[in-house]
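Noted in TrEMBL for the protein shown:
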{"type": "DOMAIN", "residues": "A:29-421", "note": "domain 'Ammonium transporter AmtB-like'"}
{"type": "TRANSMEM", "residues": "A:20-38", "note": "transmembrane segment"}
{"type": "TRANSMEM", "residues": "A:62-83", "note": "transmembrane segment"}
{"type": "TRANSMEM", "residues": "A:95-116", "note": "transmembrane segment"}
{"type": "TRANSMEM", "residues": "A:122-146", "note": "transmembrane segment"}
{"type": "TRANSMEM", "residues": "A:184-202", "note": "transmembrane segment"}
{"type": "TRANSMEM", "residues": "A:222-245", "note": "transmembrane segment"}
{"type": "TRANSMEM", "residues": "A:251-272", "note": "transmembrane segment"}
{"type": "TRANSMEM", "residues": "A:309-326", "note": "transmembrane segment"}
{"type": "TRANSMEM", "residues": "A:347-365", "note": "transmembrane segment"}
{"type": "TRANSMEM", "residues": "A:393-418", "note": "transmembrane segment"}
Amino acid sequence: IRSNSMKKNSTSLRVRLPVLVFALEVLVVVLYSVFVTYDDQTNALLQNNKTQPLENTVYQDYPFFADIQVMIFIGFGCLLAFFRRYGFGGMVFNFLTATFAIQWAILVQGFFHFYYDGQIHLGVINLINAEFACAVVLISFGAVLGKTSPVQLLVMALLEVPVFGVTEWIVVEHLKINDAGGSILIHLFACYFGLGVTFILYRPSLNEGHSKEGTTYQSDLLSVLGTLFLWVFWPSFNCALTLRGDDQHRAILHTFIGLSASTLTAFALSALLSKNGKLSMADVQNVTLAGGVTVGASVDMMISPAVAYVLGMLGCTACMLGYKYLSPFLARRLRLQDQCGIHNLHGLTGLISTIAGICAILLASEETYGPSLYQTFSYRLEAGLGRTAKEQALYQVVALGSTISISAVGGVLTGLVLKLPYLASPTDEFCFDDELFFNVPLDEDQASESQEPRCSETQITNHQYILQSNFCLSTVY
Amino acid sequence: IRSNSMKKNSTSLRVRLPVLVFALEVLVVVLYSVFVTYDDQTNALLQNNKTQPLENTVYQDYPFFADIQVMIFIGFGCLLAFFRRYGFGGMVFNFLTATFAIQWAILVQGFFHFYYDGQIHLGVINLINAEFACAVVLISFGAVLGKTSPVQLLVMALLEVPVFGVTEWIVVEHLKINDAGGSILIHLFACYFGLGVTFILYRPSLNEGHSKEGTTYQSDLLSVLGTLFLWVFWPSFNCALTLRGDDQHRAILHTFIGLSASTLTAFALSALLSKNGKLSMADVQNVTLAGGVTVGASVDMMISPAVAYVLGMLGCTACMLGYKYLSPFLARRLRLQDQCGIHNLHGLTGLISTIAGICAILLASEETYGPSLYQTFSYRLEAGLGRTAKEQALYQVVALGSTISISAVGGVLTGLVLKLPYLASPTDEFCFDDELFFNVPLDEDQASESQEPRCSETQITNHQYILQSNFCLSTVY
Amino acid sequence: IRSNSMKKNSTSLRVRLPVLVFALEVLVVVLYSVFVTYDDQTNALLQNNKTQPLENTVYQDYPFFADIQVMIFIGFGCLLAFFRRYGFGGMVFNFLTATFAIQWAILVQGFFHFYYDGQIHLGVINLINAEFACAVVLISFGAVLGKTSPVQLLVMALLEVPVFGVTEWIVVEHLKINDAGGSILIHLFACYFGLGVTFILYRPSLNEGHSKEGTTYQSDLLSVLGTLFLWVFWPSFNCALTLRGDDQHRAILHTFIGLSASTLTAFALSALLSKNGKLSMADVQNVTLAGGVTVGASVDMMISPAVAYVLGMLGCTACMLGYKYLSPFLARRLRLQDQCGIHNLHGLTGLISTIAGICAILLASEETYGPSLYQTFSYRLEAGLGRTAKEQALYQVVALGSTISISAVGGVLTGLVLKLPYLASPTDEFCFDDELFFNVPLDEDQASESQEPRCSETQITNHQYILQSNFCLSTVY
């Protein structure tokens, strides 16, 4: 009992979470009030007689913003709710972490990309950028799902977003790479940052398996629903920040084709590699999405539909083999307990995508692109950077190297911070268990045992509405 | 047995529901055929050589319409499905009520706002307006969830929509207030109407708690999913009827920021105010949304991102304290059994929003807005109404007062109508219970007990397809 | 045991599914690489100084494409997950079949409609067309849900898409009928094709009912969620391929009104026709949608809102009576075991829609349409086909007849192919059972019996992540 109460105390959110959240909110609100103002599309003062309201960029940006919101809050939320008793944690900590990550990224990216006249200028375009930073945090979250408290997750977001901001600044503003779908900047960064964190948060006892790690029929269905939302809106993710017009059109096409190819392949490999010739829901939930990442780095280029298809197949195959053979090896030998297998879905596929992107850059010519060549590959303009394709290939490699190094080091350092005391880290026993951080409702069977109204302490905490629980209190008092 | 069969008879929908629905349908179809025609964007006859099809307003309106449809049918539907054994009722009665409310609002609002040349002129813009009226009904529904039959809900919609229509006509057409997000007109109206209804439908026995009021693990997850849909598309709700261009752009930004702030705050307060330092799913489902209401009345103004953030925090705090302390008081002392706590999520937040709106109006100046001042605050045009900011503040207060009074009185009167006999009102015992109005499938355990095909009466009613049930019948006969 | 292992072998997907999928993928990728290129909206080479990126057709097409994606992958997916133990099958085989059907339709429709200069030209518009072909396959799938293996479903898609392609080519390119919402071409085709298939796949033992055919509380909720997604986005489906401008505007209005009317009617009839005066979830899931089909053939015409309303009511009534009286008859007398009742939701409603369409064509006049008459009914242009309304009515009838004949014959032939050996057709006993094709997680109760980590063979196959299962393996070895 003593050890039980100690555990309870060390993971109670009662003081820890509010203190951290209010501190972060004060920080955000002070910085917003000092530094954040409207951009020229949201500032009433900058509109005049000649402004055409319908030409406001919000009409170009908002549809993509909304689609990506669905991916982040609903797609990721459902996908991460696959554990038997960690559905609340998966869906709700995703909600909390994503919300803070976006707020914070607005500031961090603001300083790097939208800062002039002493102010960060804000419009929906900033929100789209912040959503990408948020996606990075959520992918990394996948590596430590079920093993971290909401306090730790907020600290992780607090640290990961600035490291990402710096990397983005280097890669986008200085190296000026082609990476429309974010295969390098988003997926590889998120993957190696997450691996860095989980390397430090290694829990040897989990290598023996954990009684709560399984899924249920319902949780598997919910998780597939999340996959489907990610699948359906992924074209918006990959095209949101590409050039308008045919570039964006191609990005949509290629993403759709890549995802299609990886989905078919995933079903085939799932049956082929299973002992009993049955499909595994984990494969359906994860491996089907590999194509979305694999087409990323070249998604806006003239790679041809057939090549997008092949990329989807390749990415899916690498991802599946990764789940089957590489992840166990990483966990046993390298202390990399990658809970959702992000190294397979975002790492291996990201590497393939990077290589494909380099090939597409090397093959790009005026014959294929016409004058558009100097838009999609603007660094080739002689009046500008005047890089050759080969030089650019080198920049892509440099970007790859720096992204992986910075993210891995950042992840390791963040992991060390997350090991500090007072962050409510769950004990091994309570990993993957909503009981630790949530008032979980009683099971139907337990609940229906007693037919009369119950007003016990447990009951009260489970009531949907504080309203009712207080009715109970009133009858107790 | 006798009392049981009496109960069954008094709540059977077999005659009551079809009679009411067919009466309503005949009413609607007659009024549609006499009064409803196409508007100039849908009427083929009014298009000519100079019409640019792509400039049809449908392309501006439809995306917002679709987003709000998702909020109403899927967001509300899932959110209201939180009760242990009332998931069908929550989701399906929402579907029924919303569908009728929109049909009816097209007529009612049509007479007030789209009526000329002896006809109501119809386009997608009418549907957006009707969705707002529908949202009003659904919010009020939250106060009496689980305690009303579908017949009562349709009657409520039948009465609430015209009362709302009149209020809207007064507030929008005559008082001409600023209320882009509908904090006064939608949220406060819906809240006090719902409280009026529930005041009359008071059930003393429910103050003791009810055995079916709890949630389950699955129902909590489904309800959070509803919250997430509302959260993601709320910017569309708050901006759908604002001025195009920068006004709409700001409305999207502020709604997002307000929701973000209230979400973070909700997690902090949920942990802080719980006895055991754990999070409550009811808070995640409801309190996170407070910011969307709180920014409503000033959502299109130049309030600055930081103020939107602070409004989100304030609204969330008021909402949370309301759930914790005010709702129990209202229920015990004032007979206000507010099932979903709409007074917290829509009432308290609506009041804060109204005050914030008045402040924003008083502070609005040409310095901040430039010439746009006379668009966002068109009543200030000297060539028009020529109101000063202070005068307008007074109009806002008048609007607040009239909205609350009309809605409360309307709610009370509607409640009295709902107490009429023959409306299939559930008995106390069968509140929050799908068994009363639905053929509920057997539990898995019960069902799997008998392995051979079963053709009992119970079984038949549970079959997915009447097809199969008739196979059973055929073997019985 | 012997018969058990035989069954296992005959339905193992281990070899069958990968062989078929890889064969199809090779076929697709070869045809894509030889025949598929970019269209003039996606090809960088065809853009020049005068190209306005924001006028790229992707911005007109993508929103509708995305909405229909949600319908196909999420709407259908959830709707078909209604069986007690076939949720994985419903949702996941829908995912697989839809993915392949779209890939394949891009090629088939490409040859018929987008082929010039020796190449199929690809843009998002092709994807929308392919989604319609995909919807056809998924509707037919409804007739044989739970009784077919994924191998059979892929073969069905492989055969149905070309038959549909030919029919589409005849009906659209040659007969040039009015059928904006696809009531004839999509719904009737899909219905009679599906009936043809299920006629051949007749399983007498299922006429006795099947122990796994029921639903659960959770599966019914998930299925309603699917219905709501279909309901909300159906206007996009019905308007995606109509003329821009007022035609598309009307299509949205009429679809919404038709669905609204059928939803109200469905609730009334569900209560009226049930023995105990309770609502049936199967009706809510299916019959509410009838109006979307019934308005289809005349959805872009000046039929007036009231007539759209009446069409919704009529379609719903026919659909409901079909479920109640016709389906059992078809199953008993005509060997037509129509698992989801597609003949009611797509067949009867499609017939009504066809008749309504013919009436609307006969009544169309310059008085109502003005010069737009010759756009919506372009075959009436004297400079073109110069058909009269009456002639066109005849063409509509011919289209109806040819669609039904071709689809029924195509369905029967496809059914014969599906009876070939090696297609992993489930035994009667394992119909509607996910155990056959999926590694299904243990029930919560079973799982929680043993608290220590389990590494049995069963356990391994149930693990979410191969990662963990290999941890287990490592401890076993």
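Here the Cβ of each residue, glycine as well, is placed from N, Cα and C on the backbone.
Bear in mind that TrEMBL entries carry predicted annotations, made automatically and left uncurated.
Counting Cβ pairs under 8 Å to the transmembrane segment (A:184-202), the stretch among A:95-116, A:122-146, A:251-272, A:393-418 with the most such contacts is A:393-418. Only sequence-distant pairs (6 or more apart) were considered; of these, at least three Cβ pairs between the transmembrane segment (A:20-38) and the transmembrane segment (A:95-116) are under 8 A, so the stretches are in contact. Stretch with the most C-beta contacts under 8 angstroms to the transmembrane segment (A:95-116), considering only A:62-83, A:122-146, A:251-272: A:122-146. Between the transmembrane segment (A:122-146) and the transmembrane segment (A:251-272), the number of CB pairs under 8 angstroms, six or more residues apart, is fewer than three, so the stretches are not in contact.
Mean per-residue pLDDT, taken over the domain 'Ammonium transporter AmtB-like' (A:29-421), amounts to 96.
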